[in-house]
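Pasting a structure below so you can have a look.
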């Protein structure tokens with residue numbers, strides 16, 4: 001891939017990372033930048049997973065590097081601390097694009113070699129006139145729009161809406177996708193193991209995703225050294241790398257947790273073996289195979305699933321049957337494995353997107369040679385993705401980051417409380433040196449020792465009784481009718497979870513408009529708060545407990 005194209009790709013990705021203003025899931029902050037901020041600046045809240053040792057500090061440590069450098073140089077301004085992780089994420093996305101291009105270029109080379117062989121066979125076996133006809137046909141095909149798998153795959157990657165929408169966020173899933181792509185390109189066993197170990201340290205499920213590739217390396221080793229020696233080399237090398245990677249991760253995690261913990265095992269046991277992640281939402285088994293695959297790959301998924309047909313009908317395409325079927329196999333294996341887990345999110349199968357787009361590019365190149373309709377369909381699909389990037393990246397659910405931008409650009413606030421559902425907004429990493437104390441509705445999970453199930457949290461109380469929660473938390477009173485048995489039960493439930501007067505009145509409060517309407521008379525106006533600004537969150541809301549508008553209220557000082 002030429003350097004000028006890499007530079008343009010990085011600029012494009014950096015533009016998206018710096019300008020996209022919408023939110024998807026709290027993990028984009030609370031499992032990355034907020035943990036990194038806590039490591040470097042010693043301030044902020046750590047989600048409950050870090051109390052149970054379910055996460056390795058490896059990924060946040062990478063994010064913490066630019067924070068540490070800024071602090072060391074004394075350049076840790078509000079804007080710099082916010083912008084630095086976006087540069088890092090743009091680099092990760094660019095490397096994914098480069099990997100997509102390189103894997104597509106490998107297919108180009110195999111196809112070009114096979115087509116030359118077929119052309120030579122044709123010239124030797126056919127008449128001169130027919131040979132001339134074939135040369136004209138090849139020449140025309142090279143002047144087509146989609147004549148290179150590598151460039152077509154890069155175009156699909158750059159224009160894919162979910163790659164732009166999700167890829168700009170500091171998820172472990174995104175860097176996991178990069179490591180998986182790099183692993184797929186390894187022909188030597190040791191680099192393959194090291195990259196697999198690194199990916200598994202960030203997300204332990206990567207080990208399952210990449211496990212089929214071990215058999216490929218096993219086959220190569222037995223072919224080269226014989227079955228016994230080859231198997232011995234594979235197992236011995238694997239054990240050495242496994243001990244080295246796990247040892248390094250354990251030492252790094254010990255420095256953070258202050259105790260020995262095997263985070264990949266704890267994560268796998270909690271989320272997969274015990275399936276406790278189901279308490280965060282459940283979906284049917286076909287969720288990934290059906291709506292998610294179509295949603296994240298977009299309409300180009302039609303070309304992806306057509307790849308086996310092209311391999312079967314096109315003689316020259318059989319030269320790339322192994323890598324294409326391999327990518328389809330890894331994608332299907334990934335979707336199948338994640339489908340066994342009840343808790344499902346679209347970003348969990350992010351790695352499937354680049355594999356699907358490379359396969360779609362292969363089909364596009366082969367079909368566009370003989371069908372103008374395919375070229376027009378591709379243009380229409382790319383246009384659809386561009387529209388989706390705008391809607392999902394700049395319109396839908398943008399309220400929380402607009403609030404953060406307002407705080408970054410405004411005066412210093414001593415105490416800011418976010419009265420909304422669990423982790424609605426990011427923390428100090430988005431408003432460095434602008435807020436002395438950030439408060440929010442606590443949703444830290446505490447597992448019951450007897451049942452092993454999560455206990456009721458403040459967040460659940462807030463969802464059930466938003467007005468009473470605010471009154472009880474700040475003023476130590478509620479409006480339940482204690483003479484009514486059901487109302488009395490609700491009051492007891494609230495009092496058992498939320499401490500009365502557990503938080504002082506903040507200088508500013510952020511909440512949805514619906515919550516503001518409920519507490520405006522009994523709390524906001526009573527304590528001298530006025531509406532500072534209303535932010536458009538989304539033209540429509542699909543998620544529960546969301547609103548079209550988010551409001552910021554400030555306390556008027558006399």
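Just so you know, glycine gets a Cβ as well, placed from its N, Cα and C.
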Quick test of your reading of Swiss-Prot: among 292-312, 397-417, 418-438, where does it put transmembrane segment?
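Here Swiss-Prot associates transmembrane segment with the stretch 292-312.
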From the ranges 81-101, 102-122, grab the one Swiss-Prot calls transmembrane segment.
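Of the candidate stretches, Swiss-Prot labels 81-101 as transmembrane segment.
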Scan 143-163, 164-184, 269-289 against Swiss-Prot and say which stretch is down as transmembrane segment.
164-184
Suppose you had to name the range Swiss-Prot annotates as transmembrane segment; which of 348-368, 453-473 would you pick?
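That would be 348-368, the stretch labelled transmembrane segment in Swiss-Prot.
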Among the residue ranges 8-28, 29-49, 323-343, I'd like the one that Swiss-Prot describes as transmembrane segment.
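In Swiss-Prot, the transmembrane segment feature sits at 323-343.
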Same chain, outside the transmembrane segment (190-210) by at least 6, Cβ under 8 Å from its Cβ: which residues?
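Result: 56, 58-59, 172-173, 175-176, 179-180, 182-183, 217, 237-238, 241-242, 244-246, 249, 264-265, 267-268, 272, 330, 333-334, 337-338, 348, 351.
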Please identify the stretch among 164-184, 234-254, 372-392 with the greatest number of Cβ pairs below 8 Å relative to the transmembrane segment (81-101).
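Answer, by Cβ pair count: 164-184.
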Counting only residues 6+ away in sequence within the same chain, which have a CB under 8 Å from the CB of residue 220 (N-linked glycosylation site)?
189
When you scan the chain for residues with a C-beta under 8 Å from the transmembrane segment (372-392), skipping those not six or more beyond its ends, what do you find?
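For the transmembrane segment (372-392), the sequence-distant neighbours (Cβ-Cβ under 8 Å, at least 6 residues beyond its ends) are 16, 22, 144-146, 155-156, 159-161, 164-165, 298-300, 364.
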What parts of the chain pack near the transmembrane segment (234-254), using Cβ distances under 8 Å and only residues at least 6 beyond its ends?
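Result: 53, 56-58, 61, 189-190, 193-194, 197-198, 200-201, 214, 217-218, 221, 260-264.
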